[in-house]
């Protein structure tokens, strides 16, 4: 184990003992010894084909854990008689499900009914983050899959891109995360893209003024207006130059300090007194950001988990057993 990874592990055990006690490092060491290797190999293969899988899985993990806890509720397919979280507006663009299916198929072939879909999402996200240039960290496993998947839950709980800083901190705080965790998790926007629908108002008609958001760099606003003039337009969330939408680094924080945030909440955390100091620390220290991101991800992966005899181990991640 690398020294940095070990240090993160010790810190996690110190600051978050209750939730982590429900899970266990190397949970599958006896029941499915090759589980984490199988996950890593398949994620590595997908990353070689499509590096944007880092952003896709990070978003999937976030959207799953904050709705009904980390129980793979987001993976359930709707049926003719029952909708699921996939029908919720915030989840329409979530992707990466096919990779989770591929991993599950491989694990079922080697260790039937053993590795949960929720653990697969957590492990695959961890591996994708590392492959994208992010931190190497260990995650405890032993999650079980939930029995509930309703679109209303996702629509009500997941925060919109125009949430206030106060609202954002409250959202994360209710799940046991502090300001350092919250800002670090938003730092996942160093990878990925956003459709124009999530920010076009900032470049055309901010708050009904008919003008761009004055907090956005004018050159960026002009460029984004051209981008969004085309149907289906989108922009990289990391607008640092050169643009690095598949590279996990702290350039995002320097970008928002220069008024180049795409989403409103990204820009707000750079100027709000409650978060601007943390943004400055992460912008100045890439290793600090990566270390805190690892801590926040492990915390997030322990939100309202099902363990022991609760829940189930799905044989198909898209359907309840």
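Just so it is clear, glycine is given a Cβ too, placed from its N, Cα and C backbone atoms.
What TrEMBL says about a protein is an automatic prediction, not a curated fact.
The structure displayed is predicted, hence computed values, not measured ones.
Here is what TrEMBL records for this protein:
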type	residues	note
ACT_SITE	63	active site, proton acceptor
BINDING	64, 67, 69, 73, 85	Ca(2+) 1 binding site
BINDING	159	substrate binding site
BINDING	189	heme b binding site
BINDING	190, 244, 249	Ca(2+) 2 binding site
DISULFID	32-111	disulfide bond
DISULFID	65-70	disulfide bond
DISULFID	117-317	disulfide bond
DISULFID	196-228	disulfide bond
DOMAIN	22-321	domain 'Plant heme peroxidase family profile'
SIGNAL	1-21	signal peptide
Request  = Would you find the one among the binding-site residues 64, 85, 249 whose Cβ has the most company, meaning other Cβ atoms within 10 Å?
outcome  = 64
Ask   = Given the binding-site residues 67, 85, 159, 190, 249, which one's Cα is the least distant from that of residue 317 (disulfide bond)?
value = 85
Note = Comparing the Cα of residue 190 (Ca(2+) 2 binding site) with the Cα atoms of the recorded positions 64, 73, 85, 117, 196, the shortest distance belongs to 196
Ask   = Which are the residues of the chain, 64, 67, 69, 73, 85 excluded, whose CB is within 8 A of where the CB atoms of the Ca(2+) 1 site average out, their centroid?
value = 63, 65, 66, 68, 70, 71, 72, 74, 146, 149, 153, 154
Request  = Using Cβ-Cβ distances, find the residues under 8 Å from residue 111 (disulfide bond) that belong to the same chain and are at least 6 apart in sequence, listing them in sequence order.
outcome  = 28, 31, 32, 35
Request  = Quick one: among the recorded positions 67, 196, 317, which has the most Cβ atoms sitting within 10 Å of its own Cβ?
outcome  = 67
Query = 10 Å Cβ neighbour count around residue 190 (Ca(2+) 2 binding site)?
reply = 29
Request  = For residue 85 (Ca(2+) 1 binding site) and residue 70 (disulfide bond), determine the Cα separation and express it in whole Å.
outcome  = 13
Query = Per 10 Å Cβ neighbour count, which of the recorded positions 63, 189 ranks highest?
reply = 189
Note = binding-site residues near residue 70 (disulfide bond): from 159, 189, 249, Cα within 10 Å gives none
Task = Pop the Cα-Cα gap between the residue listed as 'substrate binding site' and residue 67 (Ca(2+) 1 binding site) into the table, whole Å please.
result = 11
Remark   = Nearest by Cα to residue 65 (disulfide bond), of the binding-site residues 73, 159, 189, 249, is 73
